Amino acid sequence: MALPIIVKWGGQEYSVTTLSEDDTVLDLKQFLKTLTGVLPERQKLLGLKVKGKPAENDVKLGALKLKPNTKIMMMGTREESLEDVLCPPPDNDDVINDFDIEDEVVEVENREENLLKVSRRVKEYKVEVLNPPREGKKLLVLDVDYTLFDHRSCAETGVELMRPYLHEFLTSAYEDYDIVIWSATNMKWIEAKMKELGVSTNANYKITFMLDSAAMITVHTPRRGLIDVKPLGVIWGKFSEFYSKKNTIMFDDIGRNFLMNPQNGLKIRPFMKAHLNRDKDKELVKLTQYLKEIAKLDDFLELNHKYWERYLSKKQGQ
């Protein structure tokens, strides 16, 4: 059962509507981090008590006997100033200095131990199909953080951090592609983000299913050691009658995520500093056109998505 809560912090009120009585105090703090930028360990939620003592992180919200729309005061400060929060973390070379995967592809993509891990995911990972795959449609796999959503900046609602033209992009893509969301977080937060952005409830398109970090595998690379990647083989193994290397494309801002299937990956420019770039970012407009162009093809393997803008410019100039 949903448990709406209003949290007051920094002179503003934040509405929390995606949690239930089965979620914990820590879940609430994690969600508040996405809204305010205050780390869970820095948060002090006044008034949350059990038997007269402050509620621990593992206490379920239902045990607090809160009435719907209860107002809670939060104390705590962000680690950085707002400008710092708007910037990517300084040690996050996933985005800034994402390594060139081309040198390591051959060693990783076909290594037997990695293929065995993919096979294990195909057998063991449970996919909840939200809408059935459609015959004859191609497959678009989308990352979330920095691809569809600026997850580092602070805002009152997720909509303020949504990448411009997201719904128009998904509406157009849905005409030719089944859409899958794959984020390197847990499913609870993927579902919360999709609800907050209005993706899971939009009437103009449907999400076929969503994958979380449990569908990923760890591979060893000579230069970077162990890294987590998103192997599309998990999807192809589970839905072989619909999807394959020939009809699948994946957008991600981190190139290493398609180390197991480099030819199917398109490295999108990360959407950061939403407050500054919301009016300038046109990435999804151009990618809408690219997806429409390549949807005419029978085999995506003849494409090099690294040069997608060049391909689009050439096609539009004909």
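Placed from the backbone N, Cα and C atoms, the Cβ positions cover glycine too.
Swiss-Prot lists Asp143, Asp145 as binding Mg(2+), and of Asp58, Asp228, Asp253 the one it places in that same site is Asp253. Sequence-distant neighbours of Ala2 (N-acetylalanine) (same chain, 6+ apart, CB under 8 A from its CB) are Thr17, Thr18, Leu19, Ser20.
Remark: secondary structure over the domain 'Ubiquitin-like' (3-81) totals 19 helix, 26 strand, 34 coil, with classes taken from DSSP.
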